[in-house]
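Below is one structure, written out as structure tokens; comments come after it.
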Amino acid sequence: MIKKIGVLTSGGDAPGMNAAIRSVIRAALAKGIEVYGIHDGYLGLHRDRIEKLERRSVSDIINRGGTMLGSARFPAFKEESVRREAIANLNKHGIEALVVIGGDGSYMGAKKLTEMGYPCIGLPGTIDNDIAGTDFTIGFDTALNVVMEAIDRLRDTSTSHKRISVVEVMGRHCGDLAMAAAVAGGAEFVIVPEKGFKKEDLLANIDEGIASGKRHAIITICEHVTDVNALANLIELHTGLETRATILGHIQRGGSPTARDRILASRMGAYAVDLLIEGQGGRCIGLQRNELVHHDIIDCIENMKRPFNEELYNLTKILF
């Protein structure tokens, strides 16, 4: 049976990563497996920033956002020679497998290690909810609640001043956060990269809302679709109503994780340990229909595509 495993977090931090780290460590220790934490992601793996962790190492972290292990961008990990040096560090400590918590860039690193014969398990840790093979990623629910609270606050002031608010949220090229926030926050309009938008159609919809007696409007938009300040200016010129853009930015990544994210991270962390005990390497874990599943990590990255949530998108159109 496997005797030593490592765990690292990589890429952008997400609330619930600490809960996942805690789960991996305590589930492994409960089954007699030693656990080593790698600080600062793949950079720390290459620089040998590796330490043995115990149960007390993860006391009082389940409620904390961010990641106790730290994270870092490390483009040089794409180079095979760099990865070989990283594997040499793992072998030096006797670490037989690695649990990687992060987004698609982190998965790519785990895929590369897997292709070199080193077993890895990927856990989806990103607020963007853009990982194939899972309905939800660790951190998405917490970020959604942060965005929803921001929309609630903006609605208060927008109603008071008969103002239109354009709210930019994270998500990179995935509109899940913008759509879920639109439904949960009661936004009038949502703009996502999967669907794009025509400015004339948006303006016509806003005109329709004003004609029906609406005193304000909330528009949620995924980052990178368009310049939100320019869009706000366009809307204000067209309608004559004060329009302001709010870019929520990195506030969406921080804060104490929700109960849903803590439970999801805990389930996935323990499941990763079970898979490694079974001799399963090169896998990534997901949650589908509330059941834990695992996929081949190479197949997940190369062939699986995350489906667009048409139901949620259509709901935003009905409920505005």
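Glycine is no exception: its Cβ is also placed from the backbone N, Cα and C atoms.
Given the structure is predicted, the values throughout are model-derived calculations rather than measurements.
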Residue from R49, R155, R244 that Swiss-Prot also lists as binding ADP with R22, S23, V24, I25, R26, G186, A187, E188, K214, R215, H216: R155
If Swiss-Prot says T126, I127, D128, R163, M170, G171, R172, R244, H250, I251, Q252, R253 bind substrate, which of E149, E194, E223 does it name for the same site? E223
ATP site partner of R73, F74, G103, D104, G105, S106 according to Swiss-Prot, chosen from G6, G12, G16, G32, is G12
In the chain carrying D104 (ATP binding site), residues 6 or more apart in sequence that have Cβ under 8 angstroms from it: T126, D130, I131, I301
Rank the binding-site residues R22, R26, R172 by the number of other Cβ atoms within 10 Å of each Cβ and report the first-ranked residue. R22
Between R253 (substrate binding site) and G12 (ATP binding site), find the distance joining the two CA atoms and give it rounded to the nearest Å. 8
One should report the C-alpha separation between R215 (ADP binding site) and F74 (ATP binding site), rounded to whole angstrom, as 48
Among V24, D128, G186, R244, these being the recorded positions, pick the one whose CA is nearest to that of S106 (ATP binding site). D128
